[in-house]
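Undergrad: Dumping the structure here so I can ask a few things about it.
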Amino acid sequence: MESSTHSTADFGRLVWISDDVDGFVAARITDITHNGFQLTTESTNQTVTRRYEETFACEEDPTKSVEDNCALVHLNEATLLNNCRLRYANGKIYTYVANILISINPYQLIDNLYSSETIKEYRGKSLGQKEPHIFAIADKAYREMRRNKTSQSIIVSGESGAGKTESQKAVLKYLCENWGAEAGPIQQRLLETNPILEAFGNAKTLRNNNSSRFGKFVQIHFSDSGSVAGGFISHYLLETSRVCRQSSGERNYHIFYQLIAGASPDLYEKLRLAPANKFNYLKHGATMFFVNSKSSLKIASDRFSETDTVSDSIISDIDDFAKLEKALGLSGLGNSEKMFIWSTIAGILHLGNIEFEENSNDSRGGCRITGDTENSLMSASELLGLEPEELRMGLCARIMQATKGGVKGTLIRVPLKAYEAAAGRDALAKAIYSKLFDWLVAQINKSIPFEKSSAYIGVLDVAGFEYFAVNSFEQFCINFCNEKLQHFFNERILKQEQEMYESEGLNIQKIEFSDNQDCIELFEKKPSGLFDLLDEEAKLPRATFQHFTQRAHESNKGHFRLDAPRKSKVKSHREMRDDEGLLIRHYAGTVCYETRYFVEKNNDQLQNSLEMLIEQSSFPLIVALFQNESSTGAVKTGGRLKAVSVGAKFKSQLSSLLDKLNNTGTHFVRCVKPNSQMKAWQFDGSAILGQLQCAGMASVLRLMQEGFPSRTSFSDLYSMYEKSLPPSLARLDPRMFSKCLFRALGLDSHDFQFGNTKVFFRAGKFAEFDQMMKQDPDTMMELISKVTDWLIKARWRKAQYGTWSVIKLKNKILYRADKIKKIQAWMRGYLVRKRFHKRPILGQFLDQIQANLGH
Ligand SMILES: Nc1ncnc2c1ncn2[C@@H]1O[C@H](COP(=O)(O)OP(=O)(O)OP(=O)(O)O)[C@@H](O)[C@H]1O
């Protein structure tokens, strides 16, 4: 609790205490001990004790909810959780914490929430003027882009299934519907990017039926006149391991099922498709289709692997395939390109069905393709434009360059063991899929070009912090990304904010927050950083994950953020050897990474023989996929192409992303997953609290409680109004003008503070601030007339005061003259009395002397 001193006045007071299930429950203080409280819980009437720091101040009326959390008297994580809970129970998924939007997934479509009518209602409205909404954030970003002439980013974060992608789609829709009309077909194409990205980049996981397995930054570019000019999508870290293997209950990328469900009979036949359970790359995960009972399209009965289906409000395999076809067409892809995509996807499925066995006839210990999967070899070759024999050779042997023995540089064929061939096959499938994804994004970008952009609004949607029972290289990269974003958030919201208060001379108490720079350095510092060590390991002739892990521990001995797995609180992690895992203390919690496949996953380059094989494809598009330098992540060094590891590529992508973010105005949307069962309107307090904490909301709340989240400089405010000002106001200096504006609006002096160059608003007062900053002529004229009125009244008051002062002064002067006369008279009398009073004494004294002398 904020105060450290507690007295009997606390008796009977309601506070929030932590609770394993609800996050916090209300309880009344019944006694105070030397280190904590004794309390009775409100709901269950139980007596409990808690340390002081485990209790949080509660509002006088805990049933009162507010749109902006900053309007509460006590800003802490308990009141935030309670406010969100109350709002969610009333069907409201959005809540502000100052300018940050919290969005809690309803897991149900809410009528009219994203309709065109709602879009109209939010246009031009300040934050706080209407109910909290993602549209209000989009509108704010747009207005700030126009006003400040700088690009803006909306950073949408949250764990898987929290609603990031839906939020991003809503922003896109809002911007396109409001300012996209002039962009013509580009607007439609921008909106149609989602079916393509989702088909190839989303999959059903245990946590989300439509989980994006890649990160993206979608930029909408605007012309000088403020209309949508085009767009650009950057993507990060597609989860390629999913192409070959999924956990039980999860699916591969949607496209595989969509193609099986939606292909016309001819296409189905041509691609030699079959139900999902006939393909190795699909059958280990869930094989059911997503269906929509209301759809007019029905999946042919012989395409089902199982009778079970899944229904989801958003996904339907057969309908989504139809949408995908349309979207690809809108993006400018013709029938031949679509056919290339379908045959590549089917080719990957058949490739996955090729199996290997050791070849006892091969004296060099090689393997061969099993007899009953020869058909799959034929199908895969045909669909990928390869010669079957070339594919067979490419898979069963590796081509290497001789470095000793014989002529140096001679190519030699090294036969592979069955398991090595299977690994090569999977690597090939993953490489083709990820290059296809890169190519599709590049096609989308080509279809939404812009000639001239004056600024953009970018929406960042990347996976939030992840922590599972087993954490591998994917979580390692995602969590590193989240550390970087958290650092950015800290810098933007917390550190810079406090520095500014100081430089502006505002007396705000310093808020402590945990700086995660040391954790970032653990990952990226040269040469001891984990990414660098991983790259170094790959250069060794006998690279092993154990050696990498050992070096990671040795090079970072004593690092606060790194420990051996045996220090973990989880038993299964403690059983890991020191050279098998890394225990990393992230800002959001400690994660134990199993390093087993780190080296392989970091190096996803295809063996030369497979790369050469693909180059021989008779399909130019397949060849082109692998020739695109930017998609391979290769860099030119001294005229030669040098392969870049996954980690190094991701690190450089992230650094350019952060450069972009640093140069834009930022808006944060924190998405929250309300429960792990994906149930509509179920609020699991404890899980939600954990997410709010991970999102750094506790420090924000403390800062907001003390600080002033909205501000503008006097000169900006003045210059915004300058052109419309009448001469009587134009004469004022910017600071004076701002003061007049504030007085005219009747703002309470407690709600704002004047700094050296800026004026600041308290939390919860954004509506007034934004009203002032709105550049629409009507509002400006209204405000100017208010200021003029106020100024006339103020001058009249001044004149009145002046007259009164003159009259008062005259009276005062007369009064004082009268009094002075009295004082003078009294003084004169006193002095005279004093003089003559002394004489008799002196006379008596002289008489005495004479008498003495006479005798
Ligand atoms: N605003 C919303 N209204 C209705 N349903 C929603 C909303 N937001 C999310 N959902 C539901 O939750 C599901 C998951 O949302 P979404 O895919 O946006 O999560 P995500 O945070 O992007 O997850 P991931 O990181 O796994 O991609 C959606 O498919 C949808 O069913």
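Note: Cβ is positioned from N, Cα and C throughout, glycine not excepted.
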Undergrad: Check each of the ranges 194-216, 493-515, 654-676 against TrEMBL and return the one annotated as region 'Actin-binding'.
TA: 654-676
Undergrad: Same-chain Cβ contacts of the region 'Actin-binding' (654-676) under 8 Å, 6 or more residues past its ends?
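TA: Same-chain contacts beyond the ends: 84, 88, 99-107, 134, 137, 140-141, 144-145, 148, 150-164, 167, 207, 217, 234, 236, 458, 460, 480-481, 484, 488-489, 492-493, 682-684, 687-688, 691-692, 695, 697.
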Undergrad: Specify all same-chain residues, apart from the site residues Gly158, Glu159, Ser160, Gly161, Ala162, Gly163, Lys164, Thr165, whose Cβ lies within 8 angstroms of the center of the Cβ atoms of the ATP site, ordered by sequence.
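TA: Going along the sequence, the neighbours appear as Asn105, Asn208, Gly464, Cys671, Lys673.
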Undergrad: What is the number of other Cβ atoms found within 10 Å of the Cβ of Thr165 (ATP binding site)?
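TA: I get 24 for this one.
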Undergrad: Please list residues from the chain of Glu159 (ATP binding site) whose Cβ is under 8 angstroms from its Cβ, counting only those at least six apart in sequence.
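TA: Non-local contacts for Glu159 (ATP binding site): Arg207, Ala463, Gly464, Phe465, Glu466, Lys673, Gln691, Cys694.
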Undergrad: Output, ordered by sequence, the same-chain residues six or more apart from Ser160 (ATP binding site) with a CB under 8 Å from its CB, or 'none'.
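TA: Counting only residues 6 or more apart in sequence, the Cβ neighbours of Ser160 (ATP binding site) under 8 Å are Thr205, Arg207, Asn208, Ser211, Ala463, Gly464, Glu466, Lys673.
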Undergrad: For Ala162 (ATP binding site), list the number of other Cβ atoms lying within 10 Å of its Cβ atom.
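TA: So the number of other Cβ atoms within 10 Å of Ala162 (ATP binding site) is 24.
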Undergrad: For the binding-site residues Gly158, Gly161, Gly163, which one has its C-beta crowded by the most other C-beta atoms within 10 angstroms?
TA: Gly158
Undergrad: Using Cβ-Cβ distances, find the residues under 8 Å from Lys164 (ATP binding site) that belong to the same chain and are at least 6 apart in sequence, listing them in sequence order.
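TA: Within the chain, Lys164 (ATP binding site) has Cβ neighbours under 8 Å at Val156, Ser157, Gly158, Ser212, Asp461, Val462, Gly464, Cys671.
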